[in-house]
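**Q** Below are the structure tokens for one structure; questions will follow.
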């Protein structure tokens, strides 16, 4: 990629903690040269930022340089980066939409600048909420309207005015600016994430608001025992049904939910309640929109993106960033800093990491686990180095920042520090787990579940690289797919979820397995846990955003809280179990404990037993068999009580276990453990034993 380190023999490049990496995984030794080469590229870019970008601190505050800014004397400085443009103008309500009266001056390296003096009375020439457009004269001579890439507030127009979003200058008076009042909570040792979407977080037939979320949803999340929220679809996206993944304005928070100040209040209130706040960050691609997106901003096919085929994602129908371009790096790295400082986000879930890491974009590429896949020519070095830089920035400016990779490939070192020559994430999503549960529910009867394979999927992760376990993804909630609750119970949910209705074997099975599947994932699957909004109580219907195919209906673009709040419906049982599990984790801390030791996995009995955080976890997945005195090996010793039991009546179970009865270990080694214990395990029940 060019630079002092890139010109060296990779084996001469010093990686501060590479020995730690190689001693932990000796199989990486043959790839040491490539790991060192990547680190050299990373160091070269850091040096370039120091030498040419004014240092990392200055470079990552590009939002203070670019965009439209009011100065202390009420003059306005406007700057853009448009290397392919012939001329640039600013137009809007402030100048009667004159497209020629306010030209930018061309500067070096594709930069443009315009200074607008204050009005004669000293007031600002552009008023708060005044509409603006950047006019770009292209190389063909045409003049095209664009939105500033650094616009901080854009809004959907009235239907009679079309669909192109409008840039509204956000500069409220001091009295209307939200001031953060509450300190950030300490970084959770056990991360329990509630993934949520502000727009659907209402039972009403409309788009939910930041204020509704602040007042009504945050208290629910805290009551459920989650300690972090992950906000989806915050970066502005013109197409609501994209779930926020076709971003059009990267510095603007979605106006369909309210104003920037209302989002700040949401984050501040979350902090007051002890919640860590994560942003679903989309830096893997951008919307193809031209009139209200980044695409062709300067009139060329490139600018922020690669030109030609390399700049297009064929499956997502979107544009791919050129991570080697200096101003693109400034734009994206400053975007991270912007959300950390302007909105006080505590970390990020990076979307589409697999697409960033490989030239294939992950399309049609199977990842076998062979290390050649991760260190060969198929890897996109530019994407790798950008992610290293992004993590470096997040952790440099907030020591407690949390970064999460959405990567299906399993690249070694994804969740190890950049000082080891790795990507620097704190967690990766364990994406194989929800796929496993859906495969089982779709294709196998309960009797044919392979217990060993389930355990393998839940425990198959790299040593000392933290995973976030989740039983079902937000994609499964979308129309065309099904959540776990729907796979289990389907249409029966419409007729037999009342506590007064006749007994239904389908509902009984569904409630029992819903609790067990989510709990075994929680306890065995990773070092953190994630739940998508509504899944905790088995939300009965899919998610379908308003579109032409459903007559622009909001019927399915919401969460029906009334169902879980109704004491006569069985959703309350799933909700209560979810809360009990989270509160038990807070007490016992299995997520922050080392990975579990699985002492028992029996195919015929369908029983799984494992130890973690000094607890004994028992799962009987058998559809009909209960075991009165099931013998298990256990390293612990002494007297144990039932700390959690999914069969309790308050969780919709049959109450077959007397939780007042304690269990005692015997000093008889069994199954490779020092002691043994005998436990009553009813069918389709999960139990946790804790020491008195």
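Backbone N, Cα and C atoms are what each Cβ position is placed from, and that goes for glycine too.
For 351, the entry in TrEMBL reads active site, nucleophile. What TrEMBL records for 406 is active site, proton donor. Feature annotation from TrEMBL assigns domain 'Glycosyl hydrolase family 13 catalytic' to 204-581.
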**Q** In whole Å, how far is residue 406 (active site, proton donor) from residue 351 (active site, nucleophile) when you measure between their Cα atoms?
**A** 5
**Q** What is the total of other Cβ atoms whose distance to the Cβ of residue 406 (active site, proton donor) is within 10 Å?
**A** 20
**Q** Give me the count of other Cβ atoms within 10 A of the Cβ belonging to residue 351 (active site, nucleophile).
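**A** Other Cβ atoms within 10 Å of residue 351 (active site, nucleophile): 22.
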**Q** Check the domain 'Glycosyl hydrolase family 13 catalytic' (204-581) for me and report the mean pLDDT.
**A** 96
